[in-house]
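Engineer: What follows is a single structure, and I will ask about it in a moment.
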Amino acid sequence: MCNTPTYCDLGKAAKDVFNKGYGFGMVKIDLKTKSCSGVMEFSTSGHAYTDTGKASGNLETKYKVRNYGLTFTQKWNTDNTLGTEISWENKLAEGLKLTLDTIFVPNTGKKSGKLKASYKRDCFSVGSNVDIDFSGPTIYGWAVLAFEGWLAGYQMSFDTAKSKLSQNNFALGYKAADFQLHTHVNDGTEFGGSIYQKVNEKIETSINLAWTAGSNNTRFGIAAKYMLDCRTSLSAKVNNASLIGLGYTQTLRPGVKLTLSALIDGKNFSAGGHKVGLGFELEA
């Protein structure tokens, strides 16, 4: 088993309590299906933003060649951007994944791509991404070490065109079955931390704190999720800007999920400007 998370997944449980079950200011529909054999997967989503009226959508198809560990993914969105991803996993070595990710914009002819590699084991995970740019690619790298529940991570990016580090981040945390602690420092100026607690089978809570050196702008938030039953959940969160988020998620039937959410400005309650959201998830 390769259970060590990537750098981006550190503190993920706390982030999920804050982010999942909400969709303020939009109507969203997600559709997912796959072939009987599981070799082909299809997904599409559409968003309509209530404040601007702008709509967007995307389509993704995925084809797996399991005997060779290959996965081919095609992506398209309403901005007419085409993406192709080819990944090869667990064949050269257990836990090793190699990926080629390309993007093409037909309207402008713009092309871009990345080469990605990651390797995960029980006590560590490492990875690197390289932009395909002959004028001077940017190299991204990260590493996470795990020991008896403790996690330490480092993330960097190096701009070869300017020969300097453009990102320099550190993280430290602790992970248990029902408790997670995560702290991070980005570029020596941005500090943050989060705490996740699974109180019982029905209640999850999270606290998030962040601040920037040389600034009085401190961000603080509390979030909670409560499972009414196996099909229904309530979510709530509030931050120090007096923004209150409420969410209701109901599984109407297997594969059909409804989400209702609202964002309330507590400082200007009578002035309006609040946002509501509606989401449908369909899976077959």
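Cβ atoms are placed via backbone N, Cα and C, with glycine included.
Per Swiss-Prot, the feature NAD(+) binding site maps to Leu243, Ile244, Gly245, Ser261, Ala262, Leu263, Ile264, Asp265. Residues annotated as ubiquitin cross-link in Swiss-Prot, with similarity to another entry given as evidence: Lys54, Lys110, Lys111, Lys267. The annotation N-acetylcysteine is assigned in Swiss-Prot to Cys2. As annotated by Swiss-Prot, phosphothreonine applies to Thr4, with the evidence given as similarity to another entry. The annotation N6-acetyllysine is assigned in Swiss-Prot to Lys12, Lys15, Lys20, Lys91, Lys267. Positions annotated as phosphoserine by Swiss-Prot, on the basis of similarity to another entry: Ser242. Positions annotated as transmembrane segment by Swiss-Prot: 39-48, 70-77, 81-90, 138-146, 151-159, 179-186, 190-199, 219-228, 232-239, 243-252, 255-264, 274-283 (among others).
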Engineer: What is the set of residues, excluding Leu243, Ile244, Gly245, Ser261, Ala262, Leu263, Ile264, Asp265, whose C-beta falls within 8 angstroms of the centroid of the C-beta atoms at the NAD(+) site?
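Structural biologist: Other same-chain residues with Cβ inside the cutoff are Phe24, Leu246, His274, Lys275.
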Engineer: According to DSSP, which kind of secondary structure is Asp265 (NAD(+) binding site) found in, if we only use helix, strand and coil?
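Structural biologist: The residue in question, Asp265 (NAD(+) binding site), is strand (DSSP, three-state).
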Engineer: Of all the recorded positions given, namely Lys12, Lys20, Lys54, Lys110, Lys111, which is spatially nearest to Gly245 (NAD(+) binding site) at the Cα level?
Structural biologist: Lys20
Engineer: Which of the three DSSP-derived classes (helix, strand, coil) applies to Leu243 (NAD(+) binding site)?
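Structural biologist: In three-state terms, Leu243 (NAD(+) binding site) counts as strand.
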Engineer: Once the chains shown are all counted, how many other Cβ atoms turn up within 10 Å of the Cβ of Lys20 (N6-acetyllysine)?
Structural biologist: 15
Engineer: Can you give me the Cα-Cα distance between Ile264 (NAD(+) binding site) and the residue listed as 'phosphoserine' in Å, rounded to a whole number?
Structural biologist: 8
Engineer: Within the same chain, where does the transmembrane segment (255-264) have neighbours whose Cβ lies under 8 angstroms from its own Cβ atoms, ignoring anything closer than 6 residues to its ends? I mean 6 or more beyond.
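Structural biologist: Beyond its ends, the transmembrane segment (255-264) has Cβ neighbours at 21-25, 235, 243-249, 274-284.
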Engineer: Out of Lys12, Lys20, Lys54, Leu263, the recorded positions in the record, which is closest to Ser242 (phosphoserine) when you go by Cα distance?
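Structural biologist: Nearest in space to Ser242 (phosphoserine), counting only the recorded positions, is Leu263.
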Engineer: By a 10 A CB contact count over all chains shown, which of the recorded positions listed here is most packed: Lys12, Lys54?
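Structural biologist: Per the Cβ count within 10 Å, the most buried is Lys12.
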Engineer: Considering only the binding-site residues Leu243, Ile244, Ser261, Ala262, Leu263, which residue has the minimal Cα-Cα separation from Lys20 (N6-acetyllysine)?
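Structural biologist: Comparing Cα positions, the candidate nearest Lys20 (N6-acetyllysine) turns out to be Ser261.
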Engineer: Within 10 Å of each Cβ, count the other Cβ atoms and name the one among the recorded positions Lys15, Lys91, Lys110, Lys111, Lys267 with the highest count.
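Structural biologist: Of the recorded positions Lys15, Lys91, Lys110, Lys111, Lys267, the most buried by Cβ count within 10 Å is Lys15.
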Engineer: Rounded to an integer, what is the Cα-Cα distance in Å between Leu263 (NAD(+) binding site) and Thr4 (phosphothreonine)?
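Structural biologist: Counting only the Cα atoms, the answer is 35 Å.
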Engineer: Which ones in the same chain are close to Ala262 (NAD(+) binding site), with CB under 8 Å and 6+ residues apart in sequence?
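Structural biologist: Listed in sequence order, they are Phe24, Gly245, Leu246, Gly247, His274, Lys275, Val276, Gly277.
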